[in-house]
Amino acid sequence: MSTSETATVIPVYDVAPGQQGAPAVDRAPAPSAPPAAAAAPAAAAAKSTAPRRFAAGRFFRQSDRGSRCLAFLDFLLRIAAFGPALAAAIATGTSDETLSVFTEFFQFRARFDDFPAFLFLMVANAIAAGYLVLSLPFSAVVVLRPQATGLRLLLLVCDTIMIGLLTAAAAAAAAIVELAHNGNERANWVAICMQFHGFCQRTSGAVVASFLSVFLFLLLVVLAAFAIRKR
């Protein structure tokens, strides 16, 4: 007995899926990261950079504040150094003294310009006092603009020159003052301060004031070097 079977024909296509005539193929969508998970690293990065930026800004503000304080101290020291320099120049220039012996026709006179060291001392202190007055506007600019490193460097160089000038003048005058007070027996130089008290007092005070100005200039140089190093 024969039976008839129905054959099932399965069509086979040679075309790739997705082309025209090919059966549609369902594809699963690609997995995507959740919005919350994607936004979490960005938020964390923003939180981590915000304190850094705030700390950096605070550091620069503190640095400018410290530089401004140093510049203001520099301004005050220049005013303080002006007094001793001017006093030394005036004391030396007005140290002349006349000593009368027996009559007015026999007089001994001590003048500062008879000693080159005292003349040098007066000129050096006058130059230093004038320089300090001229440097005050530049120092004020540095107070208002702490980042002006060029002005600090210029003042540092000029202050160093003033230190050398005043030190040389004060040292030379100190040697003459010591000789005027004590004399020199080997050279047969007699001490004159026993007779010319006013002359010796004024010149001695001028020497002390000059060394005080040198000390204040040294402080100015140290402050300027420290401020430039911070920059």
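Just so you know, glycine gets a Cβ as well, placed from its N, Cα and C.
Judged by membrane topology as recorded in Swiss-Prot, Ser67 shares a side of the membrane with Ser139. Remote same-chain partners of the transmembrane segment (70-90), defined as residues 6 or more beyond its termini with a Cβ less than 8 Å from a stretch Cβ, comprise 121-122, 125-126, 128-129, 132-133, 135-136, 139-140, 142-143, 146, 152, 155, 166, 205-207, 209-210, 212-213, 216-217, 219-220, 223-224, 226-227.
Across the range of the topological domain 'Extracellular' (174-207), the DSSP-based residue counts are 20 helix, 2 strand, 12 coil. Within the chain carrying the transmembrane segment (208-228), a Cβ under 8 angstroms from the stretch's Cβ atoms is held by residues 67, 70-71, 73-74, 77-78, 80-81, 84-85, 87-88, 91, 121, 124-125, 128, 146, 149, 152-153, 155-156, 159-160, 162-163, 166-167, 169-170, 173, all 6 or more beyond its ends.
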